[in-house]
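First up is the structure itself, then whatever we jot down about it.
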Amino acid sequence: MTDAITMVRRNFTHTLRNPGAMIMTIGMPLVLLLVFVGVFGGALNVGIGPAQHSGSYIDYVVPGILLMTVGYGGTTTAMAVNRDMTAGIISRFRTMAISRTSVLTGHVVGSVIRTLVGTGLVIGVAVLLGFRPAGDPVQWLATIGLIALLALALTWLAVGVGLLAKTAEGTAPFTLVVQLLPFLSSAFVPPDSMSGAVRWFAAHEPFTPIIDSLRGLLLGTPIGDSGVAAVAWCVGLALAGYLWARALFRRDPS
Amino acid sequence: MTSTSSVPAIAVRGLRKSFKGTVVLDGIGLDVDEGTIFALLGPNGAGKTTVVRILSTLIGADGGEVRVAGHDLAGEPDSIRAAIGVTGQFSAVDNLLTGEENLVLMAHLHHLDRAAGRRRVAELLDQFDLVEAARKPAATYSGGMRRRLDLAMTLIGDPRVIFLDEPTTGLDPRSRRMMWQTIRRLVAGGVTIFLTTQYLDEADELADRIAVLDHGKLVAVGTAEELKRGIPGGHVRLQFGDGAGLDAAARALGEVSRDDEALTLQVPSDGNVAALRALLDRLELAGVEVDGLSLHTPDLDDVFFALTGHPTETTEAHQ
Ligand SMILES: Nc1ncnc2c1ncn2[C@@H]1O[C@H](COP(=O)(O)OP(=O)(O)O)[C@@H](O)[C@H]1O
Ligand SMILES: [Mg+2]
């Protein structure tokens, strides 16, 4: 436990020394936010229709942007883990009598906190752009909880990807998936407006219930059974990611 | 020397390791007494790093028995980790942290309390001449500084057995001397050192016992004296101006190895001055003009040639 805390502290110092990771986490989502609200906002407003969402398009799109922020957080973590694994220091850790996975725990905790700060900043900018959240305190807490849970899930998966990849470039597939899946979900337009196979996929992929839950919690509207589905997906992915990453870390280093 | 009945710091029997079907270690056995320096000598690719990585619990072996600091490698790797320190061939420092932060990180991971940790860090910064650079990121360190920081990090936990994989490769002569001094000081304090090197002179200088590793097998184990006794690699190299001179000299000297392209002859020699004078006298008597002469003492190539019957494959790494 003390080893894990030491490793978390190491991760914080890394973030301070290398602010690029933080900038990347929030930079792209902010750009997307500006593009979707500023450029497509008007057109999409019409597409979504007033029946479903009384607010403006920005209220609809922010939850998806938050999810992408978490995704980008995972991307930077995958690269940081990979950089760590391919540097010499990890060999030193492995020959010391410390808790085996404390290095990974350090990355995960650091990443989740970084991601929470990042989503906080993104929400702040969104509010400046006209986002009007309407959740009560309990819903806000649930929002933070869900984002943290999602961050945990994506981070453990990212750690696994970072461990598996031979080079930093090898983490690209993860980046691609977390960038692409939101577009094939309810992040930017409702799945109902999509066609055929895409609609089916969007309705069943994990990001859709997570985004729907976040949207409901932020806007103070009912979330139905998407809440249960969101939590189940997150817990399942976190567990799978954790077990996978642990197994990868236990292999002999090359 | 302590009594021979004491448990060796490192005991290895029948160690084997293959990577994807390629045998890298083919049954290695060695013992290292506590408080001594053991040098594993071999050219690039011999398997030195692989031995260190296995003995230091980094990677698993395919077979064999290993005990380090009295603990079984397969059964109690964590007990071994608590007793050893490792400085690998490639630097194992955290580049984003400063030198001081790297050491503090190690102090934390060894669970030193605050005051003791701070004291030890200050001590090591001073000892390794890193006080001025302490607050700079390790990424900005020179090769020599990085090596010193690396070793300082290894020493934080006061390990009883230390592995050093090619500790002086790539260092300038002064840094090399300093590293040697540090190693001697550590051993004087009762620590056991297992080091690898490509340099015969380094093994000669430091080690109580030397093992020569070639293609995954130990081809010789002994003190430097024992090893060199059997090695006839010392020779005199004679340079001639033309083929006629070379021919005449070869005739006059009899059994010598010649290189027609370089116009040189190699005559076995242990550096004895009287024998050298006799050699030159014979050439003068035969009326042969010698352009140049150089004397070679046995080096790793000679050790290898003598022990294995083939030269080392990588000669660019040492010279
Ligand atoms: N992880 C690995 N995978 C495949 N081959 C390896 C690996 N590590 C070392 N080898 C091979 O094993 C041999 C010995 O390598 P090494 O132990 O690094 O030698 P040395 O340290 O003496 O230069 C080399 O031929 C090297 O290519
Ligand atoms: Mg090596």
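Glycine is treated like the rest: Cβ placed from N, Cα and C.
Automatic, uncurated: that is what TrEMBL annotation is.
Pulled from TrEMBL, these are the features on record:
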| type | residues | note |
| --- | --- | --- |
| DOMAIN | A:20-252 | domain 'ABC transmembrane type-2' |
| TRANSMEM | A:21-48 | transmembrane segment |
| TRANSMEM | A:60-81 | transmembrane segment |
| TRANSMEM | A:102-128 | transmembrane segment |
| TRANSMEM | A:140-165 | transmembrane segment |
| TRANSMEM | A:172-189 | transmembrane segment |
| TRANSMEM | A:227-245 | transmembrane segment |
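Between the transmembrane segment (A:227-245) and the transmembrane segment (A:60-81) there are fewer than 3 Cβ pairs closer than 8 Å, counting only residues 6 or more apart in sequence, so the two stretches are not in contact. Between the transmembrane segment (A:140-165) and the listed ranges A:60-81, A:102-128, A:172-189, the one holding the most Cβ pairs under 8 Å is A:60-81. Non-local neighbours of the transmembrane segment (A:172-189) in the same chain are 36, 44, 47-48, 61, 63-65, 67-68, 71-72, 74-75, 78, 154, 157-158, 161, 198, 201-202, 205-208, 211-212, 215; each lies 6+ residues outside the stretch with a CB under 8 Å from one of its CB atoms.
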